[in-house]
């Protein structure tokens, strides 16, 4: 590297840094130094005890090539069509544009060492960690020639997940839970089934104390920008605590200090350092650490443009960059210098990429790289392999019933605390029921009253449908990323999630229809009698649950909330048209007849009208106008609409639709999790 490049980097660093590195190095009372040198780490006693790890893992990888699809923007409808094509069509033979993200990367992480992956934004740090943790996103492909080994034994995703904890950069939580409730759920499904619930709760208390979460343990996590809750630093510590519950032998952390102040960043890295000293293998990415934090790293891996620019100790890094003519200036933070040397400078892209290519080429043929290759061959030749026991070979830590119980508990608490699901919906239901009741108040048994009652009954169905579909889409799509991550981490099965969530939300979907019918039914003056009331209540309750199931299906088939909200109404309208109000059931075209059997509007509207008019005898309906058709009895009113008196058939139809939509939603979510694996 030329003198001009070095001067340019130094000037850039001076512009970005308000306080000189020299003053930081000469001031022993800096925040990071105080965190490291003080007794702060003593509060982590139980988490970082001196006990040796049960299993020590050397993680090595070689010839790692990662390719990603080039994103092609499109509308929500186009994305939905592509998803449907992906489900029913074999896309393997359709060539897609790809980008080479990680290029022939090799490396090794030893037990007892803290390996820090550094590089500028876009260097490939997160992509590398996702590949190492077998958590690559959809559309990202790992080359078949890539080798990933633990103790010289090639591993797959299941073996890695049994031994590795992965703290990802973005924190995903159920925002309505408290920090303690979240950790209780995580401990229940993460920790071995041989442990009692009391032991798991003791571990939760221990981790809460270790990571300084005592003050915020009963604070709701919240949703950034929507519901106030934990701070960014507290959320990051909570994510770390979730993974620390099981005390894993291999820990991979993507930007664990992101969003933390300097004191907490230093404390978190100190904890990771202590974990590595216990014999654990720790890999983390970090963006431009302070000089104090940089000294904690046993090894550093510098990434640039998807390639390895250096892998070795900090001392070896100084020698390497000095050898290639890029010596770090005196009193300059080495981490800042390396990142800036390997960054693509705006306006100097060609020159920067040429410099990066030369650095990576020099490392590939250098002494450190050759020694690493020899060590890799020695590791691959080992025969000790991996320990095999029940805890590492079992797919899920918790039993099926434990998973189901934990999910049902979490879903029930979340439902009670979610304002959109409880308070707002109850108020909305009451207001709409009162409004409809006032508009159609005490309808008389006349030909006009018959028309009004029929319209009011159909309003029951449209209100229940759209209220539940949109409520589910708004809440469930926000929870889907959490579901996807937790199922990929093998915390629970897809079927236990769906069953537990369904049963937890069932009381709400029983209360809302009851509240609505209890208000609107008597105000309108519908057919009196407890039997008629309960029949109407049963039908409206089933409609609420069918529409909820349909909302689950849309949510599971959509990639985002905006997409689900865009496609939800157009998909609902066809079912509404077959309800018998806009189109007589006897006039449905033959080619659409099959679709009418999936319309819950049809079954419910027919059932409610049969319940209302089937036993109305001739003479009960008063004809007050000679200019309009007047049904002489309830049977005539039903025949006009082409309805048959088969009430139980409508009930069975709605129950069947609930099962169909729930199963379809489960299959959609299951296929998404399969594609992610």
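Glycine residues also receive a Cβ, built from the backbone N, Cα and C atoms like all the rest.
Features as listed in Swiss-Prot:
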- 119, 120, 121, 122, 123, 124, 125, 126: ATP binding site (BINDING)
- 82-330: domain 'ABC transporter' (DOMAIN)
- 431-451: transmembrane segment (TRANSMEM)
- 456-476: transmembrane segment (TRANSMEM)
- 506-526: transmembrane segment (TRANSMEM)
- 534-554: transmembrane segment (TRANSMEM)
- 563-583: transmembrane segment (TRANSMEM)
- 647-667: transmembrane segment (TRANSMEM)
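Tertiary proximity for the transmembrane segment (647-667) is limited to same-chain residues at least six positions away from its ends with a CB under 8 Å from its CB atoms, namely 494-495, 498, 502, 535, 538-539, 542-543, 545-546, 549-550, 552-553, 555-557, 597-598, 600, 603-604, 606-607, 610-611, 614. Per-residue pLDDT, averaged over the domain 'ABC transporter' (82-330), rounds to 86.
Each of 431-451, 456-476, 506-526, 534-554 was scored by its Cβ pairs under 8 Å to the transmembrane segment (563-583), and the highest score goes to 456-476. If you look at the transmembrane segment (534-554), the same-chain residues 6 or more away from its ends with a CB under 8 A from one of its CBs are 460-461, 464-473, 476, 505-506, 509-510, 512-514, 516-517, 521, 526, 564, 567-568, 571-572, 600, 604, 607-608, 611-612, 647, 650-651, 654-655, 657-658, 661-662, 664-665, 668. Excluding 119, 120, 121, 122, 123, 124, 125, 126 themselves, the residues of that chain whose CB lies within 8 A of the CB mean position for the ATP site are, in sequence, 303, 304. Neighbour list (residue 120 (ATP binding site), Cβ cut-off 8 Å, at least 6 residues apart, same chain): 304, 339, 340, 342, 343, 344. Annotation for the binding-site residues 119, 122, 124: lowest Cβ count within 10 Å of the residue's own Cβ, 122. Taking each Cβ in turn and tallying the other Cβ atoms within 10 Å, the top scorer among the binding-site residues 121, 126 is 126. In sequence order, 303, 304, 305, 306, 342 are the residues near residue 123 (ATP binding site), counting only same-chain partners six or more apart with C-beta under 8 A. Counting every protein chain shown, the number of other Cβ atoms lying within 10 Å of the Cβ of residue 125 (ATP binding site) is 24.
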